[in-house]
Amino acid sequence: MSPLERFPQEQTDAPSDSGALRLNLSGGGLCWRLPFCRAELHRALSAMLRAAGSGPAELDLVLVRDAGMADYNLRYMGCHGPTNVLSFPIDEQIAGPEDEDVPVQLGSLVFSVDTLHRETLLYGQDPEEHCLRLLAHGLGHLVGYDHGPEMDELCSEMLSAAEAWLTAQ
């Protein structure tokens with residue numbers, strides 16, 4: 001079962017100033033647990049993808065509680081207990097028209113809102129900054145990076161881009 005088969009999807013309408021991202025949100029009833037509204041979340045993710053050099057893209061974001069994340073973590077990673085974010089990149093892009101305006105399906109991010117809150121309290125971190133850091137980390141995996149200095153640099157660039165975009169609004 002793919003990560004998205006368990007949750008109904010709702011497509012968020014892209015704000016007109018960030019049309020490069022089509023965001024499919026599952027578990028949207030948990031959005032209130034994030035430090036951003038849906039429009040801010042969309043703008044932040046769009047800014048991060050632009051910083052990563054991505055053109056038009058489609059992304060599935062699944063919001064879960066810790067119990068759901070523990071299930072994903074065990075089923076797909078073989079690890080017990082919840083984690084903060086899991087990335088499920090699409091391994092091979094489906095051949096299609098070579099049109100720069102056609103969004104590329106990046107894959108899915110599964111994000112635990114409970115772990116976000118627990119980590120911000122445990123480590124004394126700002127919820128907005130930590131949320132952006134986790135999203136940047138997950139996106140780094142979706143665009144093809146593994147852990148290491150190159151991914152750290154990319155995540156820093158994506159985080160800076162998202163923070164700049166959000167503070168400009």
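Glycine is treated like the rest: Cβ placed from N, Cα and C.
TrEMBL does not curate its annotations; it predicts them automatically.
Taken verbatim from TrEMBL:
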- HIS137, HIS141, HIS147: Zn(2+) binding site (BINDING)
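Other residues of the same chain near the Zn(2+) site, with their Cβ within 8 Å of the Cβ centroid of HIS137, HIS141, HIS147, are SER87, GLY138, GLY140, TYR145, ASP146, MET151, CYS155. The Cβ neighbour count for HIS141 (Zn(2+) binding site), using a 10 Å radius over every protein chain in view, is 19. In the structure shown, across all protein chains, HIS137 is the one of the binding-site residues HIS137, HIS147 with the greatest number of other Cβ atoms within 10 Å. The secondary structure of HIS147 (Zn(2+) binding site), as reduced to three states from DSSP, is coil rather than helix or strand.
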